[in-house]
Amino acid sequence: MDYLEWRHVFKLDPAKEISDEELERICESGTDVIIVGGTDNVTLDGVLDLLVRVRRFEVPIALEISNIDSVTPGYDYYFIPTVLNSDDPKWIKNLHHEAIKEYGDIMVWDELVAEGYCILNPTCKVAEVTKAKTDISIDDVVAYACMAENFFRLPVFYVEYSGTYGDIEVVSAVKNELKNTRLFYGGGITSAKQAAEMAKYADTVVVGNIIYEDLKAALATVKAVKNTI
Ligand SMILES: CC(C)=CCC/C(C)=C/CC/C(C)=C/CC/C(C)=C/CC/C(C)=C/CC/C(C)=C/CC/C(C)=C/COP(=O)(O)OP(=O)(O)O
Ligand SMILES: O=P(O)(O)OC[C@@H](O)CO
Ligand SMILES: [Mg+2]
């Protein structure tokens, strides 16, 4: 699977506006993939609009499913989050159970990539929605990573600080733990310097909100990540 080689990801939120010119710069930036995803106001219209517009370019496109009503065929990959540090089974496995019961027969399993999320910014929307337990120690996070890799055998463990720059100690401890599962880091990257710092530990660095706030700064993260070994 190509995602094993991705170093840099731009995450586009289907609930937010982006002009054709800005989108072209993102798609032609040298990023490895565009992931389409967000927490709320994710609609089928928004998901289809980005699919059609990004398809004009060569970059692969993945949908990170946040609700079942906005899923459409046509994406290269489907990323399925399960929030390991949520206290509500809905976000760990119940929505997934419902989806598989309803659509299991038509699913193309090879296109699906399960992601074990550990959400660590207490004030972000996704933490609030999924009732994530964010006040946890580094040892707790490392244990979730170990669980993702060795117990559930998930291909991706996602350290999520959505909206705020994360703790490098946490990311580095998780990296030391993981052998096969890929480490995605996302949250609060606003500069090339921060992107390069996280790229020292994370296999894949995800850049989201800054696209909508400072496109030039967002574009600079691509080279920063790619140049970090
Ligand atoms: C070809 C075809 C149609 C195939 C698909 C078949 C199919 C139906 C497959 C579904 C398989 C399946 C098991 C689906 C699971 C369904 C589901 C709804 C699961 C729940 C996923 C989940 C836990 C969502 C919670 C939210 C979450 C973790 C979202 C990820 C994105 C994220 C963290 C965004 C960050 O938030 P953002 O919006 O950026 O925040 P700000 O606005 O504050 O920036
Ligand atoms: O939007 P930011 O804070 O860059 O976070 C990226 C991504 O991890 C969100 O799911
Ligand atoms: Mg966002």
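Heads up, the Cβ atoms here are built off N, Cα and C, so glycines get one too.
Residues or ranges marked as sn-glycerol 1-phosphate binding site in TrEMBL: Lys11, Tyr158, Val159, Glu160, Tyr161, Ser162, Gly163, Gly188, Gly208, Asn209. Look at Tyr161 (sn-glycerol 1-phosphate binding site): DSSP puts it in coil. Counting only same-chain residues six or more apart in sequence, the Cβ atoms lying under 8 angstroms from the Cβ of Tyr161 (sn-glycerol 1-phosphate binding site) belong to Leu120, Asn121, Cys124, Asp167, Tyr185, Gly186, Gly187, Gly188.
The Mg(2+) binding site annotation in TrEMBL covers Asp13, Thr39. Note on Asp13 (Mg(2+) binding site): other Cβ atoms within 10 Å of its Cβ, all shown chains, come to 20. DSSP classifies Asp13 (Mg(2+) binding site) as coil under the three-state reduction.
Val159 (sn-glycerol 1-phosphate binding site) sits 18 Å from Asp13 (Mg(2+) binding site), taking the C-alpha atoms as the reference points. Looking at Gly163, Gly208, the binding-site residues in this record, the fewest other C-beta atoms within 10 angstroms of the C-beta turn up around Gly163.
Within the set of binding-site residues Asp13, Tyr161, Gly208, Gly208 have a CB atom less than 6 Å from some atom of ligand 2.
Across the fold, the C-alpha of Lys11 (sn-glycerol 1-phosphate binding site) and the C-alpha of Thr39 (Mg(2+) binding site) stand 12 Å from each other.
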